[in-house]
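Engineer: The structure under discussion is supplied below as structure tokens; questions concerning it will follow.
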Amino acid sequence: MAFFALEQDIPPEISLKYPNLYSAGQKNAYFGIKTFWSWIIYAFFNGTFIFWFSMTTIPGGISNDGHEPGLFFISTISFVLLMHIIHVKFLVICCFWNFYNIGAIFVSFFIFYGMVALINSDGVAFAIQPEFPGLFFLVLSFGKTWIIIILGSFIALIPDFITLCVRKIFFPTPNDKIIAFLKENKENMDRI
């Protein structure tokens, strides 16, 4: 919520100068039944990708000792991958980045890793799940895990990025048109 509450793709002066920007919301340019179902389809795609990417890249051993990781190990990687995909997706779909938006991403990551580290401590983890103590630290200690998380995050978001680019180029919203106009005519921005 904090990420998009602080988003401001067009300055207030320009919003007042071009009141037709508000009509886009009334015409369902930003959210409608088509947008809703496209998000559902992308969520299904991302969930399927996360499951199969983790299931096909981890089995066969993750370290030199040949130890085959269990489902709990793989699902931990899947959840970390899910969290990274969500955060990077916020960056992809956000039109305007500022200090607060980027800061919210880092604070959210800090809270996530802090909470998982707390839950993995022996006193808490044994009360929740006997397999859980130290598992998160073990998962993150392997280089292959980080490759899966970083590479998987970017692969999962390729369709989102392509769709966003196609939409901005071929089906721009009024905001997209105004932003493109202002970028092309920076001297006009100074006059406003």
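Cβ atoms are placed via backbone N, Cα and C, with glycine included.
According to TrEMBL, the feature domain 'P-type ATPase C-terminal' maps to 2-173. The transmembrane segment annotation in TrEMBL covers 36-58, 70-92, 99-120, 132-158.
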Engineer: Out of 36-58, 70-92, 99-120, what stretch is closest in contact terms to the transmembrane segment (132-158), meaning most Cβ pairs under 8 angstroms?
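Structural biologist: Result: 70-92.
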Engineer: Average pLDDT across the domain 'P-type ATPase C-terminal' (2-173)?
Structural biologist: 82
